[in-house]
Amino acid sequence: MLQLEHITKAFNPGKATEVVAVQDMTFRLEAESYAVLVGANGSGKSTLLNLIAGSVYADKGKIWLDAREIQRLPDYRRSRWIARVFQNPLTGTASSLSILDNFRMAALRRSPKRLKLGVDAAFKRAVTEKVATLGMGLEHKLTQPMGTLSGGQRQALTLLMTTMADVDILLLDEPTAALDPRSAREVMAIADRIIRENRLTALLVTHNIAEALRYGTRLIQMENGKIIRDYDQQAKSTLAQAEVVSWFDYY
Amino acid sequence: MDFYLAAIIQALCFGPLVIGLFLSMKIFNIPDITTDGSYTLGAVITAVGLANGYSPLITLVLAMLGGAMAGSCTAWIHTRLRIHALLAGILVMTALYSINLVLLGRSNKPLIGYQDIFAAFKLFTQADYNTLAVLLVGVSILFFAMSYLLRSDFGIAMRATGDSEPMIRAQGVNPTRMKTYGLAISNALVAWSGSLMAQFQGFTDINMGIGIVISGLGAVIIGDTLMNLLKIRVIPLMLGCVLLGVVVFQSILAIALSAGVDANLLKLTTALLVLLIVALPRVGGFLQFGRR
């Protein structure tokens, strides 16, 4: 369970360009829930995700992961518990490294990287099996560099990589924004399957209203650094796409 | 023939340097100019160590430690103070000039008469062949150690750090620490080369490091071109390409010198050669464009 208590984050504080990206936010993400976060550009969604992941630090407030207070930990220490998929497919994977080496890093997300050869036959077999579940034929290309794959394939692999080690929270930051409609659909379906099968706690940021309605067990809208709408699964299931789109027509 | 043998020996002396530069420039994507200073530092520590009667092996270890410290300084300035890597390297290189001068006590010191590392084997009657044997053993150790390192879990993390920092942070690696290790290892290797070169040429000179990063870069780029041409993606073969690159580079220089290029123009020749190697792929594209 993830809990934010009175989290505030301002950029350029005290200057004319001051932006309060997240304002006194208190918010709780129950274990095994899959929350979808929508909101206009600049509403603070990405900052919220970065605050949870540890890429930016909160000015005020506390973040709890179960009984652990994590708001002071840097992102590379929080990654023990929190896995991420980035908006840019090129960010989540290392392009010059082979698929296998990328998976090796993901498998060691919770453990130190030591001076031993970890990519052995058994590891290769395990990755082959895992990659085969994507049904993209990538299991035959494990030694190819990530850079030779398409954005959709890389995003799908990034998702799969998160399951190589135990995950407490999975953060998905517009994972399909850079993909074509078909790849986007595939990646979302893979994400949904991974989240269900591994019973993950997930937070998805998206601009795609259809995605927001189709997936997840909770729908949240942010505006000016605050949560202004919060629907649980039941309320969410009765929402129509046009209604959600109208949330953005406030100008 | 001796002339080309000397070129090969010189190339092998540069072996650790080019592997070090491959690590900093290609794997970490950090243009590390500290090289010019840490190369001389290796030579200076070697001169001081040998003059004080330390064994060549201990001296080599000390020289490498010195290089590692120089690299850590650059990494610290770059990562903690967030100063551009290029500037961080130039700062450390400049500071090292004074440090080298103080350590050496003067600007030039001959090493004739001291027990050097090339005297370790006495297999052949000719000194050059013994030197070659020692260098081949040294470069082999370097090759196997580096291919193991880069294929290990730690090495994968190093390679990923140069590729995508957000990715490696998300996998629980502190990139600051990785870069520090990387630059330390890289500069330790560079200092190793400085030490070898001082012993091979028989003296340490305070200016011997000037422009060395360019010679190394030329070799790394030749190696990189070979990797792209042959579509090489396996670490040991990549290291092999880089080592081949330095032999090719030094041979071209040797040919240029034997063809009558004035020795005073050596640095100019080196710079032009590197420019040619860097520009060739682009000029090729330009010519194709012209044809259209």
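Backbone N, Cα and C atoms are what each Cβ position is placed from, and that goes for glycine too.
Worth saying up front: this structure is predicted, and the values here are computed from it rather than measured.
Annotation source TrEMBL lists transmembrane segment at B:6-25, B:37-54, B:85-104, B:131-150, B:181-200, B:206-230, B:237-259, B:265-287.
Sequence-remote contacts of a segment are chain residues at least 6 beyond its ends whose Cβ falls under 8 Å from one of its Cβ atoms, and for the transmembrane segment (B:85-104) they are 30-38, 40-41, 44-45, 47-48, 70, 73-75, 77-78, 204, 206. Most Cβ pairs under 8 Å with the transmembrane segment (B:6-25) belong to B:181-200, among the candidate stretches B:131-150, B:181-200, B:206-230, B:237-259. Pairs of Cβ atoms less than 8 Å apart link the transmembrane segment (B:206-230) most often to B:237-259, out of B:131-150, B:181-200, B:237-259. Residues 3-4, 6-8, 10-12, 14-15, 17-19, 22, 139, 143, 146-147, 150, 215-216, 218-224, 226-227, 230, 266, 269-270, 273 of the same chain lie 6 or more positions beyond the ends of the transmembrane segment (B:237-259) yet place their CB under 8 Å from a CB of it.
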